[in-house]
Amino acid sequence: MSEEQFGGDGAAAAATAAVGGSAGEQEGAMVAAAAQGPAAAAGSGSGGGGSAAGGTEGGSAEAEGAKIDASKNEEDEGHSNSSPRHTEAAAAQREEWKMFIGGLSWDTTKKDLKDYFSKFGEVVDCTLKLDPITGRSRGFGFVLFKESESVDKVMDQKEHKLNGKVIDPKRAKAMKTKEPVKKIFVGGLSPDTPEEKIREYFGGFGEVESIELPMDNKTNKRRGFCFITFKEEEPVKKIMEKKYHNVGLSKCEIKVAMSKEQYQQQQQWGSRGGFAGRARGRGGGPSQNWNQGYSNYWNQGYGNYGYNSQGYGGYGGYDYTGYNNYYGYGDYSNQQSGYGKVSRRGGHQNSYKPY
């Protein structure tokens, strides 16, 4: 059973990193605008199978709620070749026509979904999200109406039932854009490594904007790590293709560095692919409290070189906690079924992919 999805979904997002996804790449993801209603609890028992492992999961999770193809509407409105400003306005308008539908039965088909919601207005398109491993429904999908008034009609109805299940329709809106990641953390660096040597090595990947060499407050000596900021995001992507880099005489571990705001945003939307996959927690390495006294960066696990399971600002552990709750829509994808629950497993994610 292959996943039913829209023809234009693939153009909705570009490949990049999870947590460090660039602004344009993250505009496609959607979050629920309304709080969970009673129907969510009622529908939670009907959901779909578990998520995919490794890179497959990263791509699927990252694209959940991606922009539904509304090319027909764009052509009708004359937006197909419009300016970027008009394109953004059209995209914002289309958000008013979309709905997230949770609590679906595993037996619900795309036709069932379209037939049910067509009584509220013309349905331009709809999709069901399927588990890429089992091919079974994950218990949620998306509906795109031709007019926003249809969404209002759906929301005005107190309860919705489809295939014997109480379902949970919600308005959907675009996720907030994310800042591009231009800064990296370099761990395991010898305090004796000259700044010129650091700049020379990392300058080979792209133009370095600044290098931060934190000092130990007690000894007034350099500590065993640094932060490097680049002019662009591309050098960070290149560097993150390898976990370890030899800088001078040191074998250094590289991780994406996030500000407190970026970290909180990443936690809000859940761990995702790209950079995250390359910083998976594991054992080993000397124990150094690197992050102590360096409060400009949220506690991302830099201080624990023992690689705890939740270290590195949500990069470790690989449990997809943000994805389990599906951006606030409720847990429709990780539910027990007659087939049993498909366990979530860690894995290497190489890029951000559309579903």
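Glycine residues also receive a Cβ, built from the backbone N, Cα and C atoms like all the rest.
Annotation comment: Swiss-Prot describes 11-43 as compositional bias 'Low complexity'.
Per Swiss-Prot, compositional bias 'Gly residues' is recorded for 44-58.
Under the heading compositional bias 'Basic and acidic residues', Swiss-Prot lists 64-73.
Residues annotated as domain 'RRM 1' in Swiss-Prot, with sequence analysis given as evidence: 97-179.
The phosphoserine annotation in Swiss-Prot covers SER80 (among others), and the record cites a large-scale study or a structure entry as its basis.
Annotation comment: Swiss-Prot describes SER82 (among others) as phosphoserine, evidence class similarity to another entry.
The local packing around THR127 (phosphothreonine), expressed as other Cβ atoms within 10 Å of its Cβ over all shown chains, amounts to 23. Among the features that Swiss-Prot reports, phosphothreonine is placed at THR127 (among others), with the record citing similarity to another entry.
Neighbour count (other Cβ atoms within 10 Å of the Cβ, all protein chains): 21 for LYS165 (N6-acetyllysine). Under the heading N6-acetyllysine, Swiss-Prot lists LYS165 (among others), citing similarity to another entry as support.
Residue density at SER190 (phosphoserine): 15 other Cβ atoms are found within 10 A of its Cβ, drawing on all protein chains shown. Positions annotated as phosphoserine by Swiss-Prot, on the basis of a large-scale study or a structure entry: SER190 (among others).
If you look up Swiss-Prot, you'll see LYS243 (among others) marked as N6-acetyllysine, on the strength of a large-scale study or a structure entry. Note on LYS243 (N6-acetyllysine): other Cβ atoms within 10 Å of its Cβ, all shown chains, come to 14.
DSSP classifies LYS251 (N6-acetyllysine) as strand under the three-state reduction. What Swiss-Prot records for LYS251 (among others) is N6-acetyllysine, and it gives similarity to another entry as the kind of evidence.
The phosphoserine annotation in Swiss-Prot covers SER271 (among others) and is backed by similarity to another entry.
Look at Swiss-Prot and you will find ARG272 (among others) tagged as omega-N-methylarginine.
For ARG280 (among others), the entry in Swiss-Prot reads omega-N-methylarginine, with the evidence type similarity to another entry.
As annotated by Swiss-Prot, omega-N-methylarginine applies to ARG282 (among others).
Under the heading asymmetric dimethylarginine, Swiss-Prot lists ARG345, citing a large-scale study or a structure entry as support.
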Residue distribution over DSSP helix, strand and coil in the domain 'RRM 1' (97-179): 20 helix, 35 strand, 28 coil
Cβ contacts of LYS251 (N6-acetyllysine) (under 8 Å, same chain, 6 or more positions away): GLY188, TYR244, HIS245
LYS165 (N6-acetyllysine) to THR127 (phosphothreonine) - Cα separation in whole Å: 18
Distance, LYS243 (N6-acetyllysine) to THR127 (phosphothreonine) (CA atoms, angstrom): 37
